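Quick notes on the structure that follows.
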Amino acid sequence: MDTVTNRLKKAAADELPEEDQADFLDEEEQERLLQDLRLQNEQSNLMIQAGLLFIGVLVSAIFIVYLYELSSTAILPFPFLSTPVVSRIKYPRMGILLSIGAVGVSMLNLMLTCRVTLSDFMHMTPSHRGVGQLHLGTSVAAVVTGSIMPLICLLNSTITWIEVAFWSLPLMMLVMDFLAIAMMGQVEANFTELEKSSDAPVDTNVNYDTDDSEENNGKQSTCRIKSLTNSFDAPTIDLNEEDLDEEDEEDDDDEEDEEDEEDNSDEEAPAPAKEEKANKGKNKAESSTRAIGAEDDDESDVSDSELDYLDTSLIIQSGRRTRGNKIDYTQFGADTPADEE
């Protein structure tokens, strides 16, 4: 079935365009990578589980050796101690049976929680079933059977701390199993989240050029904006004579419109203002006509001698206005002024 599905996927990928083929290949690579990582994780989990079971077997062997030595001497089987420690508990055989039972229940709890069998350990092949939830029944049984002997040791004041640690070995092993199960379950949850994120559909209609998508696509939008600005060529504007003439005509039209608006504003002014303007215009016209008539009369009455006198007087006045310049007034037929002498 796997070969058939792979062939169908390859055929579908060949029919797609180049960009879609690249996306399809990326998805395939991600799936392969996730599968490889999952296989490696399952293999490592199997090795950890086998190691924990082996530790349980060793702990059980220690209690079996102690049971065998009870016939001669009740010395605790601790090889690293310089001086042997004799057990002072009243019922050592009951404690040995409870401890071996606690170790066996903890091993069973590990196998049920991790969903593995003895055949998996024998062939060292992952079960691909993953780590399940903690099995409550076996966990409670292991805790109860493993904590009986340490509590009895704590109630007796004559028992040393070395013997308390010896009877607490099943509880220590159970704590190690719980920690390993929690770590394996956390890694399994992370893998499931990765698979869900990879299998989730991608919305191709999303516009990544907007400024709202700052969390995931801010860099893409800035790069695209830079590329657009670099590739953008500003249009060149050619102004011909016809265009300039049209602009001049438009300016003239604007000026005419402004003049019309001023005329309209004058027309819309109130009646008293219009009358005042008209009276002012009439007065100016009358004064200008009177001045023109007076000038005509004066011109008709003035003789040539008077005109010469006027010229000399004007020259004298202009000479007075100049600073530091002396004028010969005799050449004009006039005397020098007294202030200049």
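Cβ coordinates come from backbone N, Cα and C, glycine included.
Database features (TrEMBL):
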- 218-233: compositional bias 'Polar residues' (COMPBIAS)
- 239-269: compositional bias 'Acidic residues' (COMPBIAS)
- 273-287: compositional bias 'Basic and acidic residues' (COMPBIAS)
- 294-309: compositional bias 'Acidic residues' (COMPBIAS)
- 297-338: domain 'Histone chaperone' (DOMAIN)
- 195-341: region 'Disordered' (REGION)
- 46-68: transmembrane segment (TRANSMEM)
- 94-113: transmembrane segment (TRANSMEM)
- 134-159: transmembrane segment (TRANSMEM)
- 165-184: transmembrane segment (TRANSMEM)
Within-chain partners of the transmembrane segment (94-113) [C-beta distance under 8 Å, separation at least 6 from its ends]: 49, 52-53, 56, 59-60, 63-64, 66-67, 70, 131-135, 138-139, 141-142, 145-146, 148-149, 152, 167, 169-171, 173-174, 177, 180-181
Intrachain residues whose Cβ lies under 8 Å of the transmembrane segment (134-159), provided they are six or more past its termini: 88-89, 95, 98-99, 101-103, 105-106, 108-109, 112-113, 167-168, 170-171, 174, 178, 181
Positions on the same chain near the transmembrane segment (46-68), where near means CB under 8 A and six or more residues out: 76-77, 92-93, 96, 99-100, 103-104, 106-107, 110-111, 114, 116, 120-121, 124-126, 169-170, 173, 176-177, 180, 184
Arithmetic mean of per-residue pLDDT over the domain 'Histone chaperone' (297-338): 52
